[in-house]
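Record features (TrEMBL):
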- 1-381: domain 'FMN hydroxy acid dehydrogenase' (DOMAIN)
- Y25, R165, H276, R279: glyoxylate binding site (BINDING)
- 78-80, S107, Q128, Y130, T156, K252, S274, 307-311, 330-331: FMN binding site (BINDING)
- H276: active site, proton acceptor (ACT_SITE)
Amino acid sequence: MPVITEIEDFKRLYRRRVPKMFYDYCESGSWTEQTFRENSSDFDEIYLRQRVAVDMAGRSTKSQMIGQDVAMPVALAPVGMTGMQHYDGEILAARAAERFGVPYCLSTMSICSIEDVARNTSKPFWMQVYTLKDDAFMKNLFDRAKEAKCSAAVITVDLQVLGQRHRDLKNGLSAPPKLTPASVANMMTKIGWGMGMLSTKRRFFGNIVGHAKGVSDPSSLSTWTAQAFDQSLNWDRIREFRKMWDGPLIIKGIMDPRDALEACNVGADAIVVSNHGGRQLDGALSSIRALEPILDAVGDKIEVHIDSGIRSGQDVLKARAMGAKAAWIGRAYIYALGAMGQKGVKQALEIIQKELDTSMALCGHTDIEKVDRDILMVPKDFSGNWA
Ligand SMILES: Cc1cc2nc3c(=O)[nH]c(=O)nc-3n(C[C@H](O)[C@H](O)[C@H](O)COP(=O)(O)O)c2cc1C
């Protein structure tokens, strides 16, 4: 068994175990992938300030997100088709998250349905909702989330149109997949993955098939997907969604202080500064660079979280010290899930927590709640002086 010491180790195993089309689906950004790359590399421009001879005993990474207790300020971000990365992927990731004590957010485009995840877990999870045209479907989705006792709804606002990811088109990854001969040939070499997929019935979009009008089987999905997303979305429409859901609400996909202010006006409890992991607008700033101006605009009004590019506990620490209340991870746990299932996700969370805890200690802190900007050295123009 290989010795796993960092998230990158999972990525190597994941690449070997999972069909190329699903690896590529995860490990890509839109167009040139500039934003995808910079989401991670921009963290390297922020340095940590080492302190010594400070009492480092009795440390804690415990925190809260939207008033809910968490073992560390990290959440598992919604990732579509997680159940194709590993059989029953959403259920396994949700279980690992609940055992570790961090929130799991289920995607609208998941393979396991809301009900299925609820039946197979024991703590509430969060439900991500895409902004679709069909009011009846939207209302029903919020009702289903409520029925499943989801403890927050997360409305993703950065996907009215889809950013083009070249590799998905080349691999025939669509909903449902249009397999190319090369994809089929590659899939047949992934024996462990294939055996797992054969052992489960969960292979289609569980929240859509049988719930969206006219989608009774996977073959009708592509027509539905093509027209389902609401290109004319505006903040009034988001206010309507707010009325459909009276629980805690998080708005995900904010990159501009003006949009952050709009999210506050809608009555959200938190926002996630996110560029969808570089999968939507290529050429946008990395999330970590976009964070500060947003904090300046709304930091005293709403909880501000961040995602995109986070691959380690040090990244979490930097995000937190910059002022984000919490960091969400996407690919970091998908690598681990694809590589080793539930056990992998649990181990990935442990690795991140250890990196967070040790780095925090070496910066002279014992409590994540007390960490502030003082532990960082950030280039003066990090957030940019743009014309
Ligand atoms: C394969 C994949 C699928 C995703 N699917 C969704 C989704 O269904 N809904 C959503 O709101 N965000 C989705 N995202 C974006 C993530 O929620 C999150 O914003 C992103 O992964 C953060 O970047 P990171 O992967 O670098 O951590 C997806 C991301 C990936 C990598």
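Start at 1 and count along the chain as shown; that gives each residue its number.
Backbone N, Cα and C atoms are what each Cβ position is placed from, and that goes for glycine too.
Feature map: annotations from TrEMBL on the structure.
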residue: P78; record: FMN binding site; Cβ neighbours (10 Å): 25
residue: G80; record: FMN binding site; Cβ neighbours (10 Å): 18
residue: T156; record: FMN binding site; Cβ neighbours (10 Å): 22
residue: R165; record: glyoxylate binding site; Cβ neighbours (10 Å): 22
residue: S274; record: FMN binding site; Cβ neighbours (10 Å): 27
residue: H276; record: glyoxylate binding site; Cβ neighbours (10 Å): 26
residue: R279; record: glyoxylate binding site; Cβ neighbours (10 Å): 24
residue: S308; record: FMN binding site; Cβ neighbours (10 Å): 31
residue: I310; record: FMN binding site; Cβ neighbours (10 Å): 28
residue: G330; record: FMN binding site; Cβ neighbours (10 Å): 22
Could you tell me which of the binding-site residues R165, S274, G330 have their C-beta within a distance under 6 angstroms of some atom of ligand 1?
S274, G330
Enumerate the residues of the same chain, Y25, R165, H276, R279 excluded, that satisfy the criterion Cβ within 8 A of the mean position of the Cβ atoms of the recorded glyoxylate site; list them in sequence order.
S28, G29, S30, G163, D168, G277, G278, Q280
List the same-chain residues at least 6 positions away in sequence whose Cβ sits under 8 Å from the Cβ of Y25 (glyoxylate binding site), in sequence order, or say none.
M81, R165, R167, D168, N171, L173
Which state, by DSSP, holds P78 (FMN binding site): helix, strand or coil?
coil
Give the sequence-ordered list of residues that share a chain with Q128 (FMN binding site), lie 6 or more positions from it, and have CB atoms under 8 Å from its CB.
P78, C105, L106, S107, T108, A153, V154, I155, T156, K252
Residue pair G80 (FMN binding site), R279 (glyoxylate binding site) - Cα distance, angstrom, rounded:
12
Between I310 (FMN binding site) and H276 (glyoxylate binding site), how many Å separate their Cα atoms?
12
Rounded to the nearest Å - Cα separation of R279 (glyoxylate binding site) and S308 (FMN binding site):
10
